[in-house]
Structure formats: structure tokens, C-alpha cells
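K.L.:
Supplied in C-alpha cells, the structure appears directly below.
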């Protein structure tokens, strides 16, 4: 028995080395750095909780929190509604489903990339596609990407546009909804809307929940689009200063690795809390057919 | 560049790495921290003190007495490499703030840019130009967020921006006056609105490159970047406006880029030889050209000045301005990079109507003080 366990660890070793060396080790170091004034170029000095205390009075930190919370709160629900809506549409037994599925999935593969962020800048920038298009109907808008009132909106649109991944998961879930239950509802006189809200939606709540948790975590960590579209500044006027972008500016732009590390830990804790809250609230609206709980 | 060096010094093997400019500083910082950085690298004034004061750079004082011939450098440029009396970098370029004008637009308007004029003259000029040029054409690009061009304005009000210890010498009044001037120019449609400026930021998207603004400003060698983008006219170089007409003491000539040697280099002599090659060898001068600024030695400038066009214009400007310019400021202090971005953000907040010039000046000063104090 004992020997067998030893063998198991031997087989796990490659993975364990990776975990300790590339994940746990650096995490412990970064926790240590968060209590120091580490500048990347010099040895760190212990400063206690200074980095954490500084967040309370750092106005740009507060701006970045505000921007990130708005981004999460607006983009995640929109993305979920869009992906579920399309999944419902594609679930109508249309011809060539595989083709549509692939087409709608493509943005999810590309959406987080630098290339798309650059393209987005072109589309919403001055003289961009949107600007030119609206000009045709006689509307002149200021450059959407370079006005503080609308810049974040373009980033939300970019995220919603990547609805493909949650859509595929929804599609798989819709396939699992038993046809006999839907049929029974139809015979009882329920229309399509009623059938969706009374039968389909309750049956797929575990999947809605799964997508929600995943998307919230992803949205908190968004970095690339804001970095590329604002040229790393978080501008105009800090309107796209994502939390991760500000963290990066502090750590690499002004050599405040200690502060950056502290910000990273706060983000980790906040994401953890949001996920926990999701699980707690989930108890009241997620339904498992086998009577299981979140 | 390295090929020429290896050809002259076959005993020293070299290898170079290149990286996109946007990633240069991240890569240099991480490699330096990890002890795997290059022996010789380009350093910018913006981060020079940051690296030097943190012990990442080799003190080249001794090398300058033996291997590196720094006597060929312009005095101001050579002194720019001193941090606390130690020679931490060898200046690679002479740079000076300069005003650029779009020859084609000036010609069409029948206008000309004077060498000697006050900031008040400048405001009248750009406002009149914009009025005559019509909608979506401006007299100047928005320089309100440009901390480095603001330096020229500020030096004539408060002397240098920083004292030798890196403390901020700017006061509320001078910063506020600058923001208010640009706010007025934007409102008067003499400078582009904030969202146009926010969408720019590169040489290609600069409104002057697009034929929408007659003037812009920057470091003098940038004329060689603007010229290829402007087909219909010559880009001319002239001094920035002055507080008192003809008094150019706000201008300065100093080094912007340095060649530095890593403090942990295993081959200090070879590194020093390479630095000497980069500043004094004609093959290197030819390779580098004006990429990093106007060369800091008379012989290199002579070598390049025959190139004509924008290159000659830049070199002529430096030679013309040097005797009239004020004393060059010392090395930019630790935290300078953050001052740059804070200054731009504060101007942006005025441009988007989120703050008054007075509030923006206050925000900038408190952010700058925090950055410099750290």
C-alpha cells in the first residue's frame, strides 16, 4: 500500500515540480514582495502593510477599481444574454448548424488577442468604420475610443462580441433539456416564451451559473484590450484604466513591484470573494435535477 | 552596428538583441533584475537616474580615462551622464526642444513662422491661422500635455523644473498658466479638441502629419520622422516661443539617450570599447544616424550634415541654438517617467472638461510630488 502511494507521487512528480516551481513558489514570493518596497532593480526592504495602506488613499487606484467594477457589472450580463440568445436561436434545428456554430465561435478564439484589439481601435477610432458609417446617415460622433464617456463602452462591446465560448456551453445545455418535459408543457398550452421561462431556463440554471462564475473571473482579469487600445495609458482620462493595467503601470512603469504585488493579492482576494458570493447566492436560484446543491 | 565593431575588434564577440520599442523597458528591467541583461544597452534620460541610483549601471569614470574617449562629446552632453559626480552613461545624442512647421500648409496660407516671438504672439498666430484655414484645421497640435515642451515655458518662469536633488521646483501658478493657455487655444479652435489629440499620439497620427495642424513640437531629431510622412511640403525647424522675444534661455541642449554598461558585466573592457566605437566611429555614426538624436560630437555632425533635408535641418538647428540656449538641466530625477504621464493626464482632464486648469495643476503637482518622493 505504502509503496503504491510512493509510485503515484513519482508519476505526479513532473506536474508537482511545475506546480511548486512555476505557481506556488512565485505566489509565495509575490506575497512576500507585497510587504516590501521591491523595485525590481534593488533588493527588497520590509515595509509591513504600507503597500496595502496606500491603496486607501491612491486616487488612481480608486479610479481603476471603479472602471473594473463597471466593466464586470455591464459586460458579463450582456455577454451572458447575448450568448444564451444565440444558443436558443441555433437550437431551433436549423440547417448547417455546425457552420454557424463555428462562425460564432471564432470571435472567442480571437477576441482576447492583440490583433483584434488593434482592429477594434481602427473600427471605433476617428475616421473608423463606425464613424464613417454614421456619417452616411448624417450623424457625427466624436471618436468613440478617445472620449472618456464612450471608450469603456467600446471595450464592453469587445467583450460581449466574444460570446462564442459561453454560447457553445449553453447550446450543449439546451440539448440536454428533455424533449418530453417541453412537449408536456406544450400540451398544457404553454407558448414558447412561457416554455423558456418555466421549463428551459430552470433546467439550465447550473450552466448559467457556471458561465457566470467563469465570465466574472475573466472580466476581472481583462488586460489586453485596454492595454492595446489605450496604448498602455488607460486613457482617455483614465476611463479605461483597468485594475490589471494600473497594476502593470505601477509594477513595470514606476518600478513599484511591491505595490504591484499587493494589488495582485487584493485582486485575488476580491475575485475569491465574488466567486464565493456567487456560490452562496447560487443556492437560491440554481436548480439541480438530482436535488444537488451548488 | 555591431558588425562594424567586430570587424575592427575581431577578438571581441558580440551579439545583439532587438525588441519592439514598447516592450524595451519591461524587458530591460526584468533582465537586469534577473542578472541576465546585456553588457551594453541604450538608456533613456527618463529612466537613467532610476537605474543609476539603484546600482544597476557601471561607473564609467575610470573607463573614460582609458578606453572611452569622451572628450569629443559636447560639454553639456558629457555632463548629462553624471549622476552624483559619477559618470554613469555616455551621451549618445544632443537633443533640443524644437518647433516643427508644415511647409505646405504655411505656403497655402501665405504664413511664416518667426524665430523670435512670445507665447502671446504664438497664441495670436495659431488662432489666426486656424480661422483662415477653415473647419477641422488647426494652427497647432495640442502641446498642453507635453511635459517636455512645457519645460521650455517653465524654465523662463521658475528656472529648472527640478533642483539637483530631484525636488520639484514648479509652482501652481506656472502649471496653471500653461494649462489655461492650452484650454483657451482648444476652446478657440486654434488647437484640436481633446478627443482628436487622445486618438493621436504617434508620429503617423499627429495632426500635423495628417495636414490638419500647421505646427507641432518635439525633440529636434523628430523632424526626420515627420518629414517622410508629409509629402506636400518641407518640415521646418525653429525655436519654441519665448517669454521675452528673442531670449532663448528656455531652450537647452542635452543628452537624451545614453550608452550604459551593466554593473554586473563580466567584460567591462570590451563593453567600454564598444561604447567608444558607438560614439566615435564613423561607421557607427552612419548606422545610427539621427535615430537617437543629433550626434553629440562635432565630427559625427560634420559627417552627417551633408545628408541634406531633414537631417541637415536638425543638425543646423542644434548648432544654431547651442550658443543661445540656457544651461542644460541636470539628469531627470527618479520618478520622472511618472511626472510625464501625470502631466498629460491632468491636461486631458482639462480638455475633457473634467477639471479647471487650477484643479488640474493641483492634481499634477500632488501626483508629481508623490512620484518624486518615493
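Just so it is clear, glycine is given a Cβ too, placed from its N, Cα and C backbone atoms.
Note that TrEMBL annotation is computational and uncurated.
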K.L.:
Between A:69-90, A:223-244, which stretch does TrEMBL give the note transmembrane segment?
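P.N.:
Range annotated as transmembrane segment by TrEMBL: A:69-90.
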K.L.:
Taking residues 6+ outside the transmembrane segment (A:69-90), which of them lie with a CB under 8 Å of any CB in it?
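P.N.:
For the transmembrane segment (A:69-90), the nonlocal Cβ contacts are 97, 100-101, 104, 152, 155-156, 159-160, 162-168, 170-171, 173-174, 196, 208, 211-212, 215-216, 219-220, 222, 242.
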K.L.:
With the transmembrane segment (A:196-220) as the reference, which stretch in A:12-32, A:143-161, A:260-281 has the largest tally of C-beta pairs below 8 Å?
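P.N.:
Against the transmembrane segment (A:196-220), the leading stretch is A:260-281.
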